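These features come from TrEMBL:
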DOMAIN    1-189  domain 'Mannitol dehydrogenase N-terminal'
BINDING   ALA3, VAL4, HIS5, PHE6, GLY7, ALA8, GLY9, ASN10, ILE11, GLY12, ARG13, GLY14  NAD(+) binding site
DOMAIN    203-345  domain 'Mannitol dehydrogenase C-terminal'
Amino acid sequence: MKAVHFGAGNIGRGFIGLLLSQAGYKVCFVDVNEAFVSQLQERKEYPVTLASEGQETVVVKNVTALSSVTHAEEVAAAIAEADLVTTAVGVTILKHIAGVVAEGIRRRVAVSSAPLHVIACENAIGGSAQLKELVYAKLDGESCAKAEASVAFPNAAVDRIVPLQQHEDILKVVVEPFYEWVIDSSQMIPGYVPVEGVHYVDNLEPYIERKLFTVNTGHCSAAYLGYLRGYETIQQAMADEALTAQVREVLEETGAVLIQKHGFDEAQHSRYIDKILERFRNPALTDEVSRVGRSPLRKLSPNDRLVSPAMQAYNRGLGYTALTRSMAGALLFDVKDDPEALELQAAVAELGTEAAVTKYTGIAADHAVHQSVMKEYAKLK
Ligand SMILES: NC(=O)c1ccc[n+]([C@@H]2O[C@H](COP(=O)([O-])OP(=O)(O)OC[C@H]3O[C@@H](n4cnc5c(N)ncnc54)[C@H](O)[C@@H]3O)[C@@H](O)[C@H]2O)c1
Ligand SMILES: O=P(O)(O)OC[C@@H](O)[C@@H](O)[C@H](O)[C@H](O)CO
C-alpha cells in the first residue's frame, strides 16, 4: 500500500508517517524543506523517541520523500498511484498543495477508478472538506465527476503533542506517548482497509470539537497567558498555579458547551480535562509558548478554538469570560518572528483594538462577546 504524505514536519514524521509505516504503507513524504527531503531520500528511515520515562525509540522504515518545489511532476505521479494521501502542513498551507493534488487526481481518474482517500490531518474543523474545495477548484468538470465516484476526502481529528525539534539528527523527532487519530468513516469509500491505531467514527463532530476546544483551546490559553507572564515554555507556564487555574476555567467553559451539545458524561469529561492538563505538564517535553501560540489570526478566526466555543457558549446562555480572556491574550501575543502576530499588532495599531477584533473574529463591536474581549484586554494590557 502506498501513501503520499504532505508535510515532513513534526506531526508528519512524529505521528502520521509513523502510524502509516507501522500499518504497512510505503510512505512518500512531500515537503518544501530540501534538507528533510534529501535526508529521507538517502536514509529511507528516521527515529521517533517517546517522551516518557523509558525514552523508547522506534525507527520508522520504508519511507522516502519528494520536494513539492522541484519534484511536482513526480508528486502528481505518486498521487496517481497512491492508496492514501494525507497532509500535515498547516491548514493555511492547503491552498498551496491543492494544485499538485488536483493534478495527481486528474491523472489517476483518467485511467483508474481505484479508491483514493485524501485526509487533511490539520487542527481545523472540516480540514479535508476545505482541501476538497481547493482541489476541485483546480480540476476540470470531467475529472471532478469521476473523482466524486472514487476519491473521498474524509475529515479527521489528530492529537499528539509534538514540540519544535532541535537534534543533531534533523529527522529525529521526540513525541509524547499519547496519540489519537479519528477519521469520519461516513465520508469514506466502502470497503476501505482500516489503518491500525486509527479510530473510525460515523460522526466526527463531537470528537473534533472535543479535541480542538479542549486540547487546543487549553493549549493556546496557556501559551497566551504564559507569554504575558514571561514564560518561554508551556511546562513553565503550567507550573504557575494561578495560570493553570485560569486555563482550567477556560476548559470548564468549553466543557459546558461540549457536554450540553454532545451529551458527554460530565465526570468523564472532567477526567478528559485532567488528562490534558497533565499532558501539557509532561516534564519530558519542552514545548515553546511561541509554537503553541503561533498564528494568532488563525486561532482567533471564527471557526477556530477560541471564537467558536465562545460564540456557542453565548448562544446557549453559558459562560465565556475566561475564553474572552484568552482571546485578549492572543491580541497581546507580540512574537516578532510570527508573521500573523506582526499583522495583528499592525492592525491593532492602525485600526484600533475594537475594529481589529471585529476584523479577525467576525464579532460585531456591539456583541456581548466582543465587549467581554475588550474588558479582558483592558485588564491584561
Ligand atoms: N505539532 C503538534 O503537536 C500537532 C499536533 C496535532 C496537529 N498538528 C497540526 O499538524 C499540522 C502541522 O503541524 P506541525 O507541528 O507538524 O508543523 P511543522 O511546521 O513541523 O510541519 C509542517 C511541514 O509542512 C511543510 N510544508 C510547508 N509548506 C509546504 C508545502 N507547500 N508543501 C509541502 N510541505 C510543506 C513544512 O516545511 C514543514 O516541514 C498543523 O496543521 C498543526 O496544527 C500539530
Ligand atoms: O498546531 P496549532 O498551531 O494549531 O496549535 C498548537 C498546538 O496547540 C498543537 O500543535 C498541539 O500540540 C496539538 O494539536 C496536540 O494534538
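Quick reminder: no glycine exception, Cβ is built from N, Cα and C everywhere.
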Considering the binding-site residues GLY7, GLY9, which residue's Cβ sits among the greatest number of other Cβ atoms within 10 Å? GLY7
For HIS5 (NAD(+) binding site), the three-state DSSP class is strand
My understanding is the cutoff is Cβ-Cβ under 8 Å with a sequence separation of 6 or more in the same chain; which residues meet that for ILE11 (NAD(+) binding site)? ALA88, CYS121, VAL158, ARG160, VAL162
Tally the residues of the domain 'Mannitol dehydrogenase C-terminal' (203-345) by DSSP class, grouping H, G and I as helix, E and B as strand, and everything else as coil. 102 helix, 2 strand, 39 coil
Per-residue pLDDT averaged over the domain 'Mannitol dehydrogenase C-terminal' (203-345) comes to what? 98
